[in-house]
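**Student:** In case it helps, TrEMBL gives these features for our protein:
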type	residues	note
DOMAIN	47-330	domain 'AB hydrolase-1'
ACT_SITE	124	active site
ACT_SITE	149	active site
COMPBIAS	223-233	compositional bias 'Acidic residues'
REGION	223-248	region 'Disordered'
COMPBIAS	236-248	compositional bias 'Basic and acidic residues'
ACT_SITE	317	active site
(Lines of atoms letter the chains of each structure in order from A and count residues from 1; the text may use other names and numbers.)
(Lines give C-alpha, C1' and ligand atoms only; values in the text may rest on other atoms or scores of the structure.)
Protein backbone atom coordinates (compact mmCIF):
# COMPACT_ATOMS: atom_id res chain seq x y z
CA UNK A 1 0.00 0.00 0.00
CA UNK A 2 1.39 3.37 -0.99
CA UNK A 3 2.24 5.90 1.76
CA UNK A 4 -0.61 8.25 2.60
CA UNK A 5 -3.31 6.02 1.18
CA UNK A 6 -6.10 5.51 3.69
CA UNK A 7 -6.69 1.92 4.80
CA UNK A 8 -10.14 0.49 4.13
CA UNK A 9 -11.80 -0.80 7.31
CA UNK A 10 -15.19 -1.51 5.73
CA UNK A 11 -16.69 -4.97 6.38
CA UNK A 12 -16.58 -7.71 3.74
CA UNK A 13 -19.22 -10.42 3.24
CA UNK A 14 -18.60 -14.10 4.06
CA UNK A 15 -19.58 -14.92 0.46
CA UNK A 16 -16.27 -13.51 -0.77
CA UNK A 17 -14.52 -16.50 0.84
CA UNK A 18 -17.06 -19.32 1.38
CA UNK A 19 -19.24 -20.92 -1.27
CA UNK A 20 -22.35 -21.43 0.86
CA UNK A 21 -23.89 -20.99 4.29
CA UNK A 22 -26.25 -23.34 6.11
CA UNK A 23 -28.14 -23.43 9.40
CA UNK A 24 -27.97 -27.00 10.70
CA UNK A 25 -30.80 -28.09 13.00
CA UNK A 26 -29.99 -30.40 15.89
CA UNK A 27 -32.76 -32.04 17.94
CA UNK A 28 -32.30 -32.32 21.71
CA UNK A 29 -34.34 -32.74 24.90
CA UNK A 30 -35.42 -29.09 25.03
CA UNK A 31 -36.25 -28.69 21.34
CA UNK A 32 -34.19 -27.63 18.36
CA UNK A 33 -30.82 -25.86 18.29
CA UNK A 34 -29.58 -24.22 15.09
CA UNK A 35 -25.87 -24.15 14.26
CA UNK A 36 -24.51 -21.85 11.56
CA UNK A 37 -21.91 -23.35 9.22
CA UNK A 38 -20.04 -21.90 6.24
CA UNK A 39 -18.92 -24.30 3.53
CA UNK A 40 -16.61 -24.59 0.52
CA UNK A 41 -15.38 -27.43 -1.68
CA UNK A 42 -17.11 -30.55 -3.01
CA UNK A 43 -14.49 -33.32 -2.89
CA UNK A 44 -11.90 -34.73 -0.51
CA UNK A 45 -11.84 -34.88 3.30
CA UNK A 46 -13.87 -32.44 5.39
CA UNK A 47 -11.86 -29.95 7.42
CA UNK A 48 -14.14 -29.08 10.34
CA UNK A 49 -12.99 -25.72 11.68
CA UNK A 50 -13.60 -24.59 15.29
CA UNK A 51 -12.93 -20.96 16.23
CA UNK A 52 -11.56 -19.46 19.44
CA UNK A 53 -13.53 -17.87 22.30
CA UNK A 54 -15.38 -14.72 21.25
CA UNK A 55 -14.60 -15.29 17.57
CA UNK A 56 -16.79 -17.00 14.97
CA UNK A 57 -16.55 -19.28 11.94
CA UNK A 58 -15.76 -16.16 9.89
CA UNK A 59 -12.27 -16.11 11.46
CA UNK A 60 -11.50 -18.99 9.04
CA UNK A 61 -12.59 -17.11 5.90
CA UNK A 62 -9.20 -16.15 4.46
CA UNK A 63 -7.67 -19.50 5.49
CA UNK A 64 -10.52 -21.27 3.64
CA UNK A 65 -9.69 -19.52 0.36
CA UNK A 66 -6.01 -20.36 0.89
CA UNK A 67 -6.45 -24.09 1.68
CA UNK A 68 -9.04 -24.71 -1.07
CA UNK A 69 -6.53 -23.47 -3.66
CA UNK A 70 -3.81 -25.86 -2.41
CA UNK A 71 -5.49 -29.18 -1.68
CA UNK A 72 -8.65 -31.06 -2.59
CA UNK A 73 -10.86 -30.77 0.48
CA UNK A 74 -14.20 -29.61 1.83
CA UNK A 75 -14.51 -26.87 4.44
CA UNK A 76 -17.11 -26.75 7.19
CA UNK A 77 -16.56 -23.77 9.52
CA UNK A 78 -18.87 -23.89 12.55
CA UNK A 79 -20.18 -21.15 14.83
CA UNK A 80 -19.94 -22.76 18.28
CA UNK A 81 -22.79 -22.28 20.78
CA UNK A 82 -23.06 -18.77 22.19
CA UNK A 83 -21.07 -17.44 19.22
CA UNK A 84 -21.74 -15.97 15.79
CA UNK A 85 -25.14 -16.76 14.29
CA UNK A 86 -25.70 -20.07 16.11
CA UNK A 87 -28.95 -20.12 18.11
CA UNK A 88 -29.29 -22.61 21.00
CA UNK A 89 -31.72 -22.90 23.92
CA UNK A 90 -28.94 -22.68 26.51
CA UNK A 91 -26.25 -20.40 25.08
CA UNK A 92 -24.61 -19.96 28.50
CA UNK A 93 -23.54 -23.61 28.81
CA UNK A 94 -20.09 -23.44 27.26
CA UNK A 95 -18.64 -26.49 28.99
CA UNK A 96 -16.14 -28.55 27.02
CA UNK A 97 -18.45 -31.57 27.28
CA UNK A 98 -21.48 -29.73 25.87
CA UNK A 99 -19.58 -28.08 23.03
CA UNK A 100 -17.86 -31.35 22.06
CA UNK A 101 -21.30 -33.01 21.91
CA UNK A 102 -22.48 -30.13 19.71
CA UNK A 103 -19.71 -30.88 17.21
CA UNK A 104 -20.67 -34.55 17.09
CA UNK A 105 -24.36 -33.67 16.72
CA UNK A 106 -23.70 -31.25 13.85
CA UNK A 107 -21.64 -33.90 12.02
CA UNK A 108 -24.47 -36.42 12.49
CA UNK A 109 -27.13 -33.93 11.36
CA UNK A 110 -25.12 -33.05 8.23
CA UNK A 111 -23.93 -36.50 7.18
CA UNK A 112 -26.06 -39.12 8.96
CA UNK A 113 -24.58 -42.54 9.75
CA UNK A 114 -21.92 -42.38 7.00
CA UNK A 115 -19.89 -39.20 7.51
CA UNK A 116 -16.97 -38.54 5.14
CA UNK A 117 -13.37 -38.54 6.43
CA UNK A 118 -13.05 -35.54 8.78
CA UNK A 119 -10.09 -33.64 10.18
CA UNK A 120 -10.78 -31.42 13.20
CA UNK A 121 -8.90 -28.11 13.26
CA UNK A 122 -9.35 -25.74 16.19
CA UNK A 123 -7.89 -22.46 17.35
CA UNK A 124 -7.46 -21.65 21.07
CA UNK A 125 -10.75 -22.60 22.79
CA UNK A 126 -11.78 -24.31 19.54
CA UNK A 127 -8.57 -26.34 19.64
CA UNK A 128 -9.45 -27.54 23.12
CA UNK A 129 -12.98 -28.44 21.98
CA UNK A 130 -11.52 -30.32 18.98
CA UNK A 131 -9.38 -32.41 21.36
CA UNK A 132 -12.33 -33.11 23.69
CA UNK A 133 -14.44 -34.11 20.66
CA UNK A 134 -11.71 -36.44 19.37
CA UNK A 135 -10.94 -38.05 22.74
CA UNK A 136 -14.65 -38.75 23.33
CA UNK A 137 -14.95 -40.46 19.91
CA UNK A 138 -17.81 -38.16 18.90
CA UNK A 139 -16.76 -38.05 15.23
CA UNK A 140 -16.54 -41.68 14.02
CA UNK A 141 -14.76 -40.89 10.73
CA UNK A 142 -11.98 -38.78 12.28
CA UNK A 143 -8.77 -38.71 10.21
CA UNK A 144 -6.61 -36.21 12.03
CA UNK A 145 -6.45 -33.43 14.58
CA UNK A 146 -4.88 -29.97 14.52
CA UNK A 147 -4.56 -27.51 17.41
CA UNK A 148 -3.61 -23.91 16.66
CA UNK A 149 -1.82 -21.91 19.37
CA UNK A 150 -3.33 -23.67 22.36
CA UNK A 151 -1.17 -25.40 24.96
CA UNK A 152 -2.43 -26.44 28.38
CA UNK A 153 0.43 -24.96 30.43
CA UNK A 154 0.38 -21.58 28.69
CA UNK A 155 -3.41 -21.39 28.66
CA UNK A 156 -3.73 -22.19 32.38
CA UNK A 157 -1.10 -19.55 33.21
CA UNK A 158 -2.93 -16.98 31.06
CA UNK A 159 -6.30 -17.50 32.76
CA UNK A 160 -5.23 -15.33 35.70
CA UNK A 161 -4.81 -12.29 33.47
CA UNK A 162 -7.73 -12.98 31.12
CA UNK A 163 -10.28 -10.89 33.02
CA UNK A 164 -7.88 -7.90 32.99
CA UNK A 165 -7.45 -8.34 29.23
CA UNK A 166 -11.23 -8.42 28.71
CA UNK A 167 -11.74 -5.35 30.92
CA UNK A 168 -9.21 -3.50 28.81
CA UNK A 169 -11.23 -3.93 25.62
CA UNK A 170 -13.73 -1.29 24.46
CA UNK A 171 -17.28 -2.19 25.54
CA UNK A 172 -18.91 -0.68 22.46
CA UNK A 173 -18.06 0.61 18.98
CA UNK A 174 -19.43 3.43 16.85
CA UNK A 175 -19.63 1.23 13.75
CA UNK A 176 -18.42 -2.02 12.22
CA UNK A 177 -15.60 -0.02 10.62
CA UNK A 178 -14.64 1.26 14.06
CA UNK A 179 -14.57 -2.31 15.43
CA UNK A 180 -12.47 -3.56 12.52
CA UNK A 181 -10.04 -0.66 12.91
CA UNK A 182 -9.69 -1.35 16.65
CA UNK A 183 -9.04 -5.07 16.08
CA UNK A 184 -6.16 -4.32 13.70
CA UNK A 185 -4.63 -1.40 15.59
CA UNK A 186 -4.82 -3.24 18.93
CA UNK A 187 -3.08 -6.26 17.39
CA UNK A 188 -5.96 -8.68 18.09
CA UNK A 189 -5.99 -9.46 14.36
CA UNK A 190 -2.86 -8.35 12.53
CA UNK A 191 -4.20 -9.04 9.05
CA UNK A 192 -6.62 -6.35 7.82
CA UNK A 193 -8.08 -8.62 5.13
CA UNK A 194 -9.14 -11.16 7.75
CA UNK A 195 -10.36 -8.53 10.23
CA UNK A 196 -12.74 -7.08 7.62
CA UNK A 197 -14.61 -10.37 7.30
CA UNK A 198 -14.18 -11.88 10.78
CA UNK A 199 -15.03 -8.95 13.10
CA UNK A 200 -18.59 -9.04 11.78
CA UNK A 201 -18.91 -12.34 13.64
CA UNK A 202 -17.53 -10.89 16.89
CA UNK A 203 -19.80 -7.87 17.34
CA UNK A 204 -23.53 -7.19 17.06
CA UNK A 205 -25.90 -4.26 17.27
CA UNK A 206 -26.79 -3.34 20.84
CA UNK A 207 -30.18 -4.35 22.19
CA UNK A 208 -32.36 -2.45 24.69
CA UNK A 209 -31.05 0.13 27.12
CA UNK A 210 -29.00 -1.95 29.57
CA UNK A 211 -25.28 -1.32 29.32
CA UNK A 212 -23.00 -4.31 28.58
CA UNK A 213 -21.77 -4.30 32.20
CA UNK A 214 -25.18 -4.04 33.86
CA UNK A 215 -24.95 -1.65 36.82
CA UNK A 216 -21.54 -0.36 35.76
CA UNK A 217 -22.24 2.31 33.18
CA UNK A 218 -20.02 2.92 30.20
CA UNK A 219 -20.39 6.66 30.67
CA UNK A 220 -17.72 8.13 32.92
CA UNK A 221 -18.89 9.80 36.11
CA UNK A 222 -22.02 7.72 36.65
CA UNK A 223 -20.27 5.09 38.80
CA UNK A 224 -19.45 7.66 41.46
CA UNK A 225 -22.97 9.06 41.42
CA UNK A 226 -24.47 5.61 41.99
CA UNK A 227 -22.85 5.61 45.42
CA UNK A 228 -25.13 8.44 46.66
CA UNK A 229 -27.69 7.74 49.38
CA UNK A 230 -30.98 6.06 48.57
CA UNK A 231 -32.97 9.31 48.42
CA UNK A 232 -31.16 10.33 45.26
CA UNK A 233 -30.98 6.86 43.77
CA UNK A 234 -34.14 7.17 41.70
CA UNK A 235 -32.94 10.23 39.80
CA UNK A 236 -29.49 8.69 39.42
CA UNK A 237 -30.97 5.52 37.90
CA UNK A 238 -33.11 7.58 35.55
CA UNK A 239 -30.09 9.63 34.49
CA UNK A 240 -28.05 6.43 34.07
CA UNK A 241 -30.68 4.94 31.74
CA UNK A 242 -30.77 8.12 29.68
CA UNK A 243 -26.98 8.11 29.44
CA UNK A 244 -27.00 4.44 28.44
CA UNK A 245 -29.50 5.24 25.69
CA UNK A 246 -27.24 8.03 24.44
CA UNK A 247 -24.24 5.67 24.53
CA UNK A 248 -26.15 3.11 22.48
CA UNK A 249 -27.00 5.77 19.88
CA UNK A 250 -23.38 6.87 19.63
CA UNK A 251 -21.87 3.37 19.96
CA UNK A 252 -24.48 0.96 18.56
CA UNK A 253 -22.20 -2.13 18.36
CA UNK A 254 -21.06 -4.37 21.20
CA UNK A 255 -19.55 -7.86 21.63
CA UNK A 256 -21.79 -10.81 20.68
CA UNK A 257 -20.69 -12.76 23.75
CA UNK A 258 -19.60 -11.53 27.17
CA UNK A 259 -16.53 -13.72 27.60
CA UNK A 260 -16.02 -12.57 31.19
CA UNK A 261 -19.19 -14.48 32.14
CA UNK A 262 -17.78 -17.76 30.75
CA UNK A 263 -14.95 -17.88 33.33
CA UNK A 264 -16.33 -20.91 35.17
CA UNK A 265 -15.73 -23.02 32.04
CA UNK A 266 -12.16 -21.91 31.28
CA UNK A 267 -10.48 -24.46 33.55
CA UNK A 268 -12.48 -27.29 32.00
CA UNK A 269 -11.45 -26.31 28.47
CA UNK A 270 -7.72 -26.51 29.15
CA UNK A 271 -6.94 -28.66 32.21
CA UNK A 272 -5.49 -32.02 31.14
CA UNK A 273 -5.52 -30.92 27.50
CA UNK A 274 -1.92 -31.91 26.65
CA UNK A 275 -2.37 -35.53 27.71
CA UNK A 276 -5.77 -35.73 26.02
CA UNK A 277 -4.17 -34.47 22.80
CA UNK A 278 -1.27 -36.92 23.05
CA UNK A 279 -3.61 -39.85 23.75
CA UNK A 280 -5.70 -39.36 20.59
CA UNK A 281 -4.69 -42.30 18.34
CA UNK A 282 -4.72 -40.33 15.06
CA UNK A 283 -2.14 -38.17 13.22
CA UNK A 284 -1.80 -34.84 14.99
CA UNK A 285 -0.51 -31.37 14.10
CA UNK A 286 0.29 -28.51 16.48
CA UNK A 287 0.77 -25.00 15.05
CA UNK A 288 2.19 -22.38 17.42
CA UNK A 289 2.96 -18.67 17.30
CA UNK A 290 6.08 -19.29 19.41
CA UNK A 291 8.10 -22.28 20.61
CA UNK A 292 8.10 -20.84 24.15
CA UNK A 293 4.45 -21.88 24.40
CA UNK A 294 5.25 -25.61 24.74
CA UNK A 295 4.58 -27.16 28.14
CA UNK A 296 6.42 -30.14 29.65
CA UNK A 297 4.05 -32.88 28.46
CA UNK A 298 4.00 -31.60 24.89
CA UNK A 299 7.78 -31.10 24.85
CA UNK A 300 8.28 -34.76 25.79
CA UNK A 301 5.60 -35.87 23.31
CA UNK A 302 7.18 -33.85 20.53
CA UNK A 303 10.62 -35.36 21.26
CA UNK A 304 9.01 -38.81 21.05
CA UNK A 305 7.51 -37.97 17.66
CA UNK A 306 3.90 -38.25 18.81
CA UNK A 307 2.78 -35.27 16.71
CA UNK A 308 4.02 -32.90 14.05
CA UNK A 309 4.73 -29.34 15.13
CA UNK A 310 5.34 -26.13 13.27
CA UNK A 311 6.13 -22.69 14.67
CA UNK A 312 4.91 -19.69 12.69
CA UNK A 313 6.77 -16.61 13.95
CA UNK A 314 5.64 -13.00 13.42
CA UNK A 315 2.08 -14.00 14.29
CA UNK A 316 -0.22 -12.97 17.08
CA UNK A 317 -2.47 -15.45 18.88
CA UNK A 318 -4.90 -15.55 15.91
CA UNK A 319 -2.33 -17.43 13.82
CA UNK A 320 -4.77 -18.58 11.12
CA UNK A 321 -5.95 -14.99 10.62
CA UNK A 322 -2.53 -13.32 10.77
CA UNK A 323 -0.82 -15.84 8.45
CA UNK A 324 -3.57 -17.74 6.59
CA UNK A 325 -1.29 -18.78 3.72
CA UNK A 326 1.34 -20.24 6.06
CA UNK A 327 -1.29 -22.13 8.07
CA UNK A 328 -2.88 -23.40 4.83
CA UNK A 329 0.55 -24.54 3.62
CA UNK A 330 1.20 -26.42 6.88
CA UNK A 331 -2.24 -28.09 6.88
CA UNK A 332 -2.05 -28.97 3.16
CA UNK A 333 1.40 -30.51 3.66
CA UNK A 334 0.09 -32.53 6.63
CA UNK A 335 -2.88 -33.80 4.59
CA UNK A 336 -0.72 -34.80 1.61
CA UNK A 337 2.01 -36.36 3.75
CA UNK A 338 -0.57 -38.67 5.34
CA UNK A 339 -2.25 -39.27 1.95
CA UNK A 340 -5.51 -37.83 3.25
CA UNK A 341 -5.89 -35.45 0.30
CA UNK A 342 -4.57 -34.68 -3.19
CA UNK A 343 -2.67 -31.48 -4.04
CA UNK A 344 -4.16 -29.13 -6.64
CA UNK A 345 -2.90 -26.18 -8.60
CA UNK A 346 0.66 -27.48 -8.62
CA UNK A 347 0.99 -27.15 -4.83
CA UNK A 348 4.41 -28.30 -3.62
CA UNK A 349 4.67 -29.79 -0.13
CA UNK A 350 6.90 -27.94 2.28
CA UNK A 351 8.15 -30.35 4.92
CA UNK A 352 9.08 -28.44 8.08
CA UNK A 353 12.19 -29.31 10.00
CA UNK A 354 10.36 -30.05 13.27
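Placed from the backbone N, Cα and C atoms, the Cβ positions cover glycine too.
TrEMBL annotations: computationally assigned, not manually curated.
Note that this is a predicted model, so its numbers are computed, not measured.
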**Student:** Please report how many Å separate the Cα atom of residue 149 (active site) from that of residue 317 (active site), as a whole number.
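**Tutor:** Cα-Cα distance, residue 149 (active site) to residue 317 (active site): 7 Å.
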**Student:** Just jot down the residues in the same chain as residue 317 (active site), at least 6 apart in sequence, with C-beta under 8 A of its C-beta; none if empty.
**Tutor:** 52, 124, 149, 289
**Student:** Specify the count of other C-beta atoms within 10 Å of the C-beta of residue 124 (active site).
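**Tutor:** Summing over all protein chains shown, residue 124 (active site) has 24 other Cβ atoms within 10 Å.
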